[in-house]
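Feature annotation from TrEMBL assigns domain 'Glucose-methanol-choline oxidoreductase N-terminal' to 109-132, 290-304. Among the features that TrEMBL reports, FAD binding site is placed at 111, 119, 120, 121, 122, 464, 465.
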């Protein structure tokens, strides 16, 4: 493997030389080294050592960088993305009355491994019905659950006890639980088991069918090393001996180079260079730059809606109005509560200095650190589709009742809750005592409901799950790629990232990115007559 960078890298990664000659030719070029791109490129390179593969990544390397490999860093990374501008791209949405005229900022991973190098490491898998909808409703043969579940099994090693057969046991991506879960997380599950009689507590809600239940979230953490299970280390960096796999970081893909409508290369800017460079592909160009960058690259290449291209002075190559449309995301609201001193907290990991972080995690600093979703001050609501204030209103009330019944509960953090009208029986209190399991619920008036809705419009934010902007649908239905990931109206050009999702999924999207990457590898191998075999790129 050849590692190259356009700018100085992190101190833990040695500087590499710049590209020998800008016009170098490869067999396949991947524009973007995110979660899906690393899976596809890594599997193809590992199974075909003679295949010349180039990955062009806008962000830096993540090889053995503490910020990326130590799980405890995840929350500080996401909540302080502006301080890690090398590893994130910040996208600013247009203001909307639906969110109190705010410009919501959406960070996306910009580092080798993409979101898998910076995300929450939450192991949740979409329902089988999500993928079956991709296949049946959106007319994508080969993308149903029966096709994707086997690929996901090959990628993972699920180290936890399970009674279902949907988990893998020999893949490079390891899934585990922390050995020392937060006491708040355990208390939460104990309370809901007694309070909510309509929803069970389950040991495994990742069987592609179980939903509407409570349970622990396994983590993408290697139980052997205590490090993050990301795609960069497990599909790319482990191929040190492969001299035909080249990774060029801190280099931003600008546009695709075409001969007619056949993709033959990529134009890119390396570091602070004043002029672009080019690299050429004899077999295929694959855009894997994510839901924001992939459609932008297409449009700069002349592929998109005529009005968008005309407005920006770009000559039309392919009329494809679906490019950049139908952006999807998940939404999140963090609702904070005060807790008793006995409750475990993630505050040192998020807000403390380096020595405080180390002290707070002790022997699990490298391993799981602190349980991401246990603390009382981070109970949150999470939707799987466009935010709906009525659903969020129900969720706020439901979670507040659970919090009030937890023995660790000591009141609400007022800035992180609705401001209810004077005299309301639902008024939040900064100091309060827990109530019993069978205590009556709080009563909310119409005015209280309005206060909750206003709070959510002011506070709702992204869950960092951008997708759908180059949808895999029929062209006449707004599609950008077909079911083999080919960009309509072109040849030798595919897309392999979450932008191709024709519809959102009811889960954290890292697992879906793994599915897209694995399926892309299969399709590319079939189209180009390459070997894929049982390549897993395991360490």
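Think of each number as a place in line: the chain as shown, counted from 1.
Glycine is treated like the rest: Cβ placed from N, Cα and C.
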Same-chain residues at least 6 beyond the ends of the domain 'Glucose-methanol-choline oxidoreductase N-terminal' (290-304) whose Cβ lies under 8 Å from its Cβ atoms: 31-32, 34, 58, 89, 91, 106, 108-109, 114, 253-256, 258, 312, 314-318, 320-321, 323-324, 327, 466-470, 480, 487, 489-490, 495, 497-499
Let me know the model's mean pLDDT on the domain 'Glucose-methanol-choline oxidoreductase N-terminal' (109-132). 90
Give the residue from the binding-site residues 111, 121 that has the most other Cβ atoms within 10 Å of its Cβ, counting over every protein chain displayed. 111
DSSP says what for the domain 'Glucose-methanol-choline oxidoreductase N-terminal' (290-304): how many helix, strand, coil residues? 11 helix, 2 strand, 2 coil
How far apart, in Å, are the two Cα atoms that lie farthest from each other among 111, 119, 120, 121, 122, 464, 465, the residues recorded as binding FAD? 19
